Amino acid sequence: MSEQKDMYVLGIETSCDETAAAIVKNGKEIISNVVASQIESHKRFGGVVPEIASRHHVEQITLVIEEAFRKAGMTYSDIDAIAVTEGPGLVGALLIGVNAAKALSFAYNIPLVGVHHIAGHIYANRLVEDIVFPALALVVSGGHTELVYMKEHGSFEVIGETLDDAAGEAYDKVARTMGLPYPGGPQIDKLAEKGNDNIPLPRAWLEEGSYNFSFSGLKSAVINTLHNASQKGQEIAPEDLSASFQNSVIDVLVTKTARAAKEYDVKQVLLAGGVAANRGLRAALEKEFAQHEGITLVIPPLALCTDNAAMIAAAGTIAFEKGIRGAYDMNGQPGLELTSYQSLTR
């Protein structure tokens, strides 16, 4: 019996403000992973400017793909599939990656696979260790906060999601109100390490048994706290405000994740998304799940938490194995829903 041939997938990611390309072997092993960040270009605006993001993607896309091949020491003849982020994201940014992937697929006759950005974040964990099912993913990013139950590869059931602001969005808005530089999340995380949780802030548990999240009330409470202090001529230590805000967010995230993991009897909990780089959240989850027998916690390294193309290649490998193929009329879909792979085969 002959050995199964290794599968090499080229991943392309341009959903927001990182232009990325990567080559991944068998959905698990990173051969190359190249990311061109735009943070410096967006800093002075206090957030991502879609038009600027698109222009940077146009400038960088060919370069990062070429660099991914150079670092891997490979050519297009070695590639079995091209996986690209189809959505969600900024439509102009998505189109750069999708059009590049379609052009390469056509030029080199390589199968094309569209990938959901959040599926990519979840599958970043497979680049660390095998996913054991049933699994629960806590997805925390600038645009998403979700609890996703997975009974098998490519199966996604959203059991909880934010009703308003995503956790990362709340971090950025609070940081902006505090006068912290962009991106605000890492700044709050650093300050929180030095501060005390001594400012009373709300925690939105919502209705009993709910796995949904809400951070708009917390965000407003922080803004009101700062405004009231300013009106009274008082100063609030940014370290203490950061610690109080961050603990309010983490408390809800960790408590609901632990409760869902128990109720759904999962074997593994996966942390995913840009906010997964938050040291306070990582430490709180590690402390919580050290007490849960039979559940392993997987946290990707920092470089795989933020947007990258290795995670897109990893998710694309699973989609490809399930028979999913993208057509040349593929488009960027800014509002793409996270749907199980088996219902997408086309």
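Cβ coordinates come from backbone N, Cα and C, glycine included.
The substrate site recorded in Swiss-Prot comprises Val139, Val140, Ser141, Gly142, Gly143, Asp172, Gly185, Asp189 together with one of Asn26, Asn33, Asn278, namely Asn278.
Going by what Swiss-Prot states, the Fe cation site holds His117, His121, and the candidate of Asp265, Asp307 recorded there is Asp307. Rounded to a whole value, the Cα-Cα separation of Gly185 (substrate binding site) and Asp307 (Fe cation binding site) is 15 Å.
Neighbour counts of Cβ atoms within 10 Å were compared across the binding-site residues Ser141, Asn278; the minimum falls on Ser141. Of all the binding-site residues in the record (Val139, Ser141, Gly143), the one with the smallest CA separation from Asp307 (Fe cation binding site) is Ser141. Residues His117, His121, Asp307 make up the record's Fe cation site, and a Cβ search at 8 Å around their centroid adds Glu13, Ser15, Thr85, Ile118, Gly120, Ser141, Gly273, Gly274, Asn308, Met311, Ile312 from the same chain. In the three-state DSSP reading, Ser141 (substrate binding site) counts as coil. Only Val139, from the binding-site residues Val139, Gly143, Asn278, place their Cα within 10 Å of the Cα belonging to His121 (Fe cation binding site).
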